């Protein structure tokens, strides 16, 4: 029984590592046709082209980074400040429940129903439109995330600063922000990843014009260009792996 | 100070609630034919058409079945791994490795699954090489298949690692090891300790998240889009397909499905919340 258990554990470890090795191998390959078990070409040919303009992957990586950083910064900051008012409100329960509706709804369905307004405002198919759409789904996450921060203890600190003569600015800059620094980092990376991994909403609002990395993966699947698809996957995976290496909390959070 | 509070709540309503209310209102009006290029006024025709075609009901049950099977298998596997390897999984290397699946988004998991489980994929080649199959047609349909094997496998591979980390976390925070030790010292068997102590503690502390993940899977899009069949389709895929139709009358039917899906998910959220509240009060 214990031998079986050991086999199960090692099988799980292999199952975790296999996609990383396989995708890297595929991104370094070409001319890998059925029934060959290994590729005919193995080298850096595909990756060299990433630097060039042929695949557009470098641009996709850059635009994904810009979108995700914008979403993460705005969602984290607005989530932090607005969650204070929600958490201290006498109808906190109701307001928090309302926050869950956009959070729990499939982003692609949300985006499809919102697209009319984006079209009217003139941001349909633009990078700004995608940032705003992703912010709309990342914001409720940030709001729920920070709701546990605003508790009785924090309120007492705020009152203490006020009693000692500190104004609102001092309270935020000298007390609240230093206390919430760790949480803000976690929220920043979590909202960054929500945006980084997002596909459905981006495809609806971006209408194929805003080609983030997830959109590229799907395009390469449709074109049956699996080598470039694998490269896009590797580029998508690298930032979260780095984050896990730096701090696991940046990627895993048992929210809610 | 009071004014500042009002501004904060106003921002909350503007960013947090208004987009949801606007999108739901638009979908609702479109579904009743009140707005829309090809619509001429209030009608129940689109709602009737959706229920008469049976495609929505089929899609709903198909989505529920896949989400349920995936959630049950993921939770069961994660619980088993937690109880069987709790100490080993906290080791230096393993504690890093078990986080790695969280770095793989749904679209990458789907792409990888196509590469390894399709008829020309890696496993088909491997089985052909070692003589288990004699060609491409001998390999079973594991993606875009009628039983949604591919979708279910990817759902499990995406959700199970999260639950494993969650259960390991709860195991430590709730001191399940100490509770199990106590129950054994009071004469309980290993089986009794697992079924009467460890599992109830782990599930009671996480059931809200389990339910939320079931709802997330119900609305999953890119995984069933890549690995699913043409019919039936999972709810999100069906909704987007209907909304992108060239036949303008079909767009209203797409909004009908979107409205029903939103109502189902919203009711589930309210139920989860009210249950959670009463649980919090009892605790």
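Glycine is treated like the rest: Cβ placed from N, Cα and C.
Range with TrEMBL annotation transmembrane segment, chosen from B:125-146, B:147-168, is B:147-168. Long-range contacts of the transmembrane segment (B:254-273) within the same chain: residues 24, 27-28, 30-31, 46-47, 49-50, 56, 59-60, 208, 211-212, 215, 218-219, 235-236, 238-243, 245, each at least 6 residues beyond the stretch ends and with a Cβ under 8 Å from a Cβ of the stretch.
Ranked by the number of CB pairs under 8 Å to the transmembrane segment (B:147-168), the listed stretches B:7-40, B:60-81, B:93-117, B:206-227 are led by B:60-81.
Sequence-remote contacts of a segment are chain residues at least 6 beyond its ends whose Cβ falls under 8 Å from one of its Cβ atoms, and for the transmembrane segment (B:93-117) they are 123, 142-143, 150, 153-154, 157-158, 161-162, 164-165, 220, 222-223, 226-227.
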